[in-house]
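Novice: Mind having a look at this structure? Questions to follow.
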Amino acid sequence: MSRVSQARNLGKYFLLIDNMLVVLGFFVVFPLISIRFVDQMGWAAVMVGIALGLRQFIQQGLGIFGGAIADRFGAKPMIVTGMLMRAAGFATMGIAHEPWLLWFSCLLSGLGGTLFDPPRSALVVKLIRPQQRGRFFSLLMMQDSASAVIGALLGSWLLQYDFRLVCATGAVLFVLCAAFNAWLLPAWKLSTVRTPVREGMTRVMRDKRFVTYVLTLAGYYMLAVQVMLMLPIMVNDVAGAPSAVKWMYAIEACLSLTLLYPIARWSEKHFRLEHRLMAGLLIMSLSMMPVGMVSGLQQLFTLICLFYIGSIIAEPARETLSASLADARARGSYMGFSRLGLAIGGAIGYIGGGWLFDLGKSAHQPELPWMMLGIIGIFTFLALGWQFSQKRAARRLLERDA
């Protein structure tokens, strides 16, 4: 076995262990933020939505800068620094009794993610061969789901004692992850050349097709982020107990572990990436519309099942499509910019979703936020369809001219 092949194989195991620690640390804390501050402390959902949206926007919106810096200086220093910064954010969150302190803790957490997330994504693109990426992204999603459930279960159990224990556990996991990277991650370059920060960012911004695709995905993320805000609140309201939230993540884990890899293997043989992304988005949109009209936990979990199935279909295709569009000369910059759709969509989804949830509750129209999210998903579906049809038309024109 060549040294390159050996490095790729070892890199896969490193990425899986690293991903497990990151997801565990994140899901111990973040699914319980809305339960802690909305249900236990009585804050308005929009106040918590601002905090979650701020974290999302900072982490993903500034990702292009984190990715460009990683292109210049390498992945290791960015990842270690970012994980320690997130640990500090979680520690601060444990003592948050005023909105500004919660917002500050989410700001720290988001800045940490800005540093470690793009280089981690670029390492996947660097180490995994193009023909294997779809299956590897599916494995990562399966691991995400299992780790999310374990994290949510652990966080829910700790929450009955003290929210500070929840935050301390998340902080410790990120410190461990930082130590793991500092000890074992080689000083790998992310790109084929050591690209200056400004050049990497300029290369991305000139790629109009990639920029349009990323910005359109904001609508997709407005739906996806509700697993952190409105869906946990809805489950808690219907069930009458915060402990029911863990079953929402258990459903996701069961579906992912049983369906994600088989669906990915089968669909990659029969359907294009863009068709898989659009089909998953359509299922997510349609399953979200009736959520505000249900009154029983069984009905709610059925809709959540459909939502997760849509995500299972869409997410590996989205990740693979984003990676396939990245320029090898500026991988960090491309993977950082690819998070901008999540930054915009996540911020609007959290803040707008929280505001609509409060508005619907005060106006006795609980279906309002869910119908609006479903409509946004349908419009995003149509916009992606138009983009992909334009791309196919341009390809046919080039083939005819040739």
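Backbone N, Cα and C atoms are what each Cβ position is placed from, and that goes for glycine too.
Per Swiss-Prot, the features are:
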TOPO_DOM  1-12  topological domain 'Cytoplasmic'
TOPO_DOM  34-98  topological domain 'Periplasmic'
TOPO_DOM  117-138  topological domain 'Cytoplasmic'
TOPO_DOM  160-164  topological domain 'Periplasmic'
TOPO_DOM  186-213  topological domain 'Cytoplasmic'
TOPO_DOM  235-243  topological domain 'Periplasmic'
TOPO_DOM  265-276  topological domain 'Cytoplasmic'
TOPO_DOM  321-339  topological domain 'Cytoplasmic'
TOPO_DOM  361-367  topological domain 'Periplasmic'
TOPO_DOM  389-402  topological domain 'Cytoplasmic'
TRANSMEM  13-33  transmembrane segment
TRANSMEM  99-116  transmembrane segment
TRANSMEM  139-159  transmembrane segment
TRANSMEM  165-185  transmembrane segment
TRANSMEM  214-234  transmembrane segment
TRANSMEM  244-264  transmembrane segment
TRANSMEM  277-297  transmembrane segment
TRANSMEM  300-320  transmembrane segment
TRANSMEM  340-360  transmembrane segment
TRANSMEM  368-388  transmembrane segment
Novice: I need to check the long-range neighbours of the topological domain 'Cytoplasmic' (265-276): which residues 6 or more away from its ends have a CB within less than 8 Å of a CB in the stretch?
Specialist: 134-135, 138, 313-314, 316-317, 320-321, 324, 384, 388
Novice: Could you give the residue numbers and ranges of same-chain residues that sit at least 6 residues beyond the transmembrane segment (277-297) on either side and whose C-beta is under 8 angstroms from one of its C-beta atoms?
Specialist: 220, 223-224, 226, 231, 234-235, 238-239, 244, 271, 303-304, 306-307, 309-315, 317-318, 321, 360, 365-371, 373-378, 380-381, 384-385, 388
Novice: Would you say the transmembrane segment (214-234) and the transmembrane segment (300-320) are in contact under the rule of three or more C-beta pairs closer than 8 Å, pairs 6 or more apart in sequence?
Specialist: yes
Novice: Looking only at residues six or more beyond either end of the transmembrane segment (244-264), which have a C-beta under 8 A from one in the stretch?
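Specialist: Result: 27, 31-32, 35, 134-135, 137-139, 141-142, 144-146, 148-149, 152-153, 156, 227, 231-232, 235-236, 238, 297, 301, 304-305, 308-309, 312-313, 316.
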Novice: Of the stretches 13-33, 139-159, 165-185, 368-388, which racks up the most C-beta pairs under 8 Å with the transmembrane segment (214-234)?
Specialist: 368-388
Novice: Quick one: find which recorded stretch in 139-159, 165-185, 340-360, 368-388 has the most Cβ pairs under 8 Å with the transmembrane segment (13-33).
Specialist: 139-159
Novice: DSSP helix, strand and coil counts for the topological domain 'Periplasmic' (160-164)?
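Specialist: Result for the topological domain 'Periplasmic' (160-164), in helix, strand, coil order: 2 helix, 0 strand, 3 coil.
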Novice: For the transmembrane segment (139-159), give me same-chain residues lying six or more residues beyond its boundaries with a C-beta closer than 8 angstroms to one of its C-beta atoms, as numbers and ranges.
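Specialist: That would be 15-16, 19-20, 23-29, 31-32, 35-36, 124, 165-166, 169-170, 242-243, 245-246, 249-250, 252-253, 255-257, 260-261, 312, 315-316.
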Novice: Any residues 6+ beyond the ends of the topological domain 'Periplasmic' (361-367) with a Cβ under 8 Å from its own?
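Specialist: Hits for the topological domain 'Periplasmic' (361-367): 290-293.
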Novice: Residue list, the topological domain 'Periplasmic' (160-164) vs rest of chain: Cβ under 8 Å, 6 or more residues beyond ends.
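Specialist: Sequence-distant neighbours of the topological domain 'Periplasmic' (160-164): 32, 36, 40, 94-95.
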Novice: Please compute the mean pLDDT of the model over the topological domain 'Cytoplasmic' (117-138).
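Specialist: Averaging the confidence scores along the topological domain 'Cytoplasmic' (117-138) gives 74.
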Novice: With Cβ-Cβ distances below 8 Å as the criterion, list the same-chain residues six or more beyond the ends of the topological domain 'Periplasmic' (235-243) that contact it, or say none.
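Specialist: Same-chain contacts beyond the flanks: 32, 35, 39-40, 156, 159, 294-297, 300, 304.
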